[in-house]
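A.B. asks: Could you have a look at this structure, given as structure tokens, before my questions?
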Amino acid sequence: MVPELVRMSGITKRFGGVLACAGVDFTVRAGEVHALLGENGAGKSTLMNILSGVHTDYEGDVAVHGEVVRLRDPADAQRHGIATIHQELDLVPQLTVAENLVLGREPRTRARLLDRRAMQRLAREEFAALGIDLDPNRPVGSLRVGEQQLVEIAKALSLHAQVLVMDEPTAALADAEVSRLFEIIDGLRRRGVGIVYISHRMEEIEVIADRATVLRNGAVAGSLTPAPEHRPQLISLMVGRSVEAMFARPKTQKPAAEARPLLRVAGLTVRPRTPRPGRAEPDGIDLSVDAGEIVGLAGLMGSGRTELLETLFGAGPAARVTGAVTLDGLPYAPKSPRAALARGVGLVPEDRRGSALTLPHQVDHSMVLSALSRLTTLGFVRRTRERASVLDMMRRLAVKAGAPTAPVGSLSGGNQQKVVLARQLMTVPRLLLLDEPTRGVDVGAKAEIYQILHRLADEGMGILLASSELPELLGVCDRVVVLRRGAVAADLDPADVTGDDVLAAAMTAPGGTDR
Amino acid sequence: MTLLKTPPALARLTGGRRELVDRLFAVQSLVALLVVFIVAILASPTRDGEILFLTAGNLGNIVRAVSEIGIIAVGMTFVVLLGGIDLSVGAILGLSAVGTATLMVDSGYGIAPTVPAVLAIGAVIGALQGYATARLGIQSFIVTLAGLQVARGLARIWSGGLGIPIAYGDGPLQAPPAFEILNGSINGVVPVPAVLFLAVGVAAIVVLRTTAFARHVYAIGGNEKAARLSGVPVTRVKVAVFAVCGLLAAVAGVIHAGQLNQGSPNDGAGYELDAIAAVVIGGTSLSGGSGSMGGTLAGALMLGVLNNILALNNIDANVQLLIKGLVIVAAAGLQRLRRGVA
């Protein structure tokens, strides 16, 4: 039997009156990847916060190497060999890779000065052991997220971590980086490191995890060996009901005559005044979206999906824009998001917290922000009208919030995303642009968001949906446009293609990758 | 400093009492003001059994004394909610006082052209600063630091470096007697500047609670990128906010000239810091996006009461400074604690 590194038994944790964990048993063995699944609010974070010493007042036992301990704080957990790689990485962007690696325990020379040579040697050794190639002298801020993550992993291992908790490690990674991360995780597994892998992405868990434990409402709902044939079972464990058809479209066949051209893009090319390294600007894009149509935008990271949506929303950088764009047959070249909104175009941006929400602000205020002009007289907000439209929108999108006045930050990721969506819908857009709308959203809320999109399309809205999740694109969209290096590589009908076809179109050459 | 010990003690309580703590914190500025007020009563010297602090004359003086800072702090609150800071308000006050005295006395204009002209100058300087922060992307700290120098320089040039006395009468080089009202009181009890302060304060509370403009201010202060992507006219709002702040500093300058019967180019130095102190004590976050106008009003009054009671007790002016410093730190500490609780 493989030795158990960590055994958590009967873990119960309350926040005020809320039961976050109820008698959870969870183990991590040496050399295994143990996936932890569950919808947002199922208790995953709480459980892992107990394991990493963040929460210290809980019932039950945590045993490390068979010995019951009570971890006082994250540093104490680190001393016991437990490290956490958070979604928001804990690195100092201004410092170099090597400096970050030894932060707080810098090697000194005899004169008590920084021993830069020892620092670099340590970094090189650590990277060599992991099999990664990174220059220790580069500032961390200049690395891509995937590389920063590797630094974080190296840092944890240099602190002799034996248990690594990874919280949605692939959420911000390009596909090529995901496969590199998986190679490294595989290497760690062979070194006998135990890994707790938290993710919403079934495909990944099936590839990388040896075991999967599903939490629901703070308790263990079940444990499984992840495999494609177990997927429906896993999902039903998570949501507590069977999701027979996540993408099901409750749609009556639309007569073809209804298809009305909404957005026409021809030869759209963007040349920013100051070039943005690492970004692919639109370079001769042809695209169309009809009213009532959901068009998917596929492509690898850096293929220009986000840049295209930004341009269409007037949120791009100062640039020379050429090509013809029409909206409802009229020329359309928005200078600002405000101008785009005025023309009936809405955007759900990629980075919910960074670009859409202020977490301490109230749900209702956040929802109406873009539509205030509809709710004011002489600049004064009409409270009753505001309240009515907020409640109406919360009902339509099934937003779960304590109250309309609750802070946005108190909502789950899926409900926060619904608030962002609601803000756009309040402006009654004709064309809705969505950039990764289900990132960091649990399965249940994902299905709800898909239903909402279908309903909006049926009501005649045109939708342009950029996503890096292929099942989502193929399951939700009427057409999928694949971008590569800022240009259209393919225009596919999801009924005729598989995810592999989309990926093949997104890559430059077979086997080669394009970032 | 008992006033500041109470909330942290409450914060240690757990369970159902948390809600009570939260509720107390929600009106913490008012609670704190009340506590300071009670402490002031207890600490007040008495004469013939009468509590000096509570005499109508003294209370009137307190509000009169804080009215200029208070009005400036109202404008400052908008700027701070936006995530900015305005260091130029004290200098704008000086410039406005000079402008008032010069236009009214030296140039012989009446109240009607003088006051609007002075207010316009303040608003324009503010608007320019707002435009510079919004369009050129320079931090407001730097823009208004420059604005401070410019306004102070203008005031000195305009006045020739000397205070311009305001005498009242109908003759040449005399100001219209009606202007003296700023130095007077209603019914001999309520000072006119105090009334103006409260009027400005109440108007600002209404604006902040009920207008789309205020929603935009909070949105920009909370997350400027998100605000822009949500269609908030960021530049316009910033220009307006700084214009309002400059305008209110000019209002304070006119009152200042009226109260002192002169326009001195060096007046108002350091007022920006008192105003920021009032805003911070009132619970508005310097990082923007959260805070209230009621808090600022309470903060300004609290500073006034504190100054007054220290003066009534003949506390050394330098010790007064020290105590004020501690109060500001304690107030800021309470804000952190509140976020910790929530």
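Cβ coordinates are placed from backbone N, Cα and C, and glycine is handled just like the others.
Bear in mind that TrEMBL entries carry predicted annotations, made automatically and left uncurated.
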A.B. asks: Do you know which of B:269-286, B:305-322 TrEMBL annotates as transmembrane segment?
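C.D. replies: Residues B:269-286 are the ones TrEMBL records as transmembrane segment.
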A.B. asks: Looking at the stretches B:62-82, B:89-111, B:150-168, B:269-286, which one shares the most CB pairs under 8 Å with the transmembrane segment (B:237-257)?
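C.D. replies: Between the stretches B:62-82, B:89-111, B:150-168, B:269-286, B:89-111 has the largest tally.
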A.B. asks: At a Cβ cut-off of 8 Å, and with pairs 6 or more apart in sequence only, do we get at least 3 pairs between the transmembrane segment (B:62-82) and the transmembrane segment (B:150-168), yes or no?
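C.D. replies: With fewer than 3 qualifying Cβ pairs, these stretches do not touch.
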A.B. asks: Short question: which residues 6 or more past the ends of the transmembrane segment (B:269-286) have a Cβ under 8 Å from it?
C.D. replies: 28-29, 32, 68-70, 72-73, 75-77, 80-81, 85-91, 93-94, 148, 252, 292, 294-300, 302-303, 324, 327-328, 331-332, 335, 338
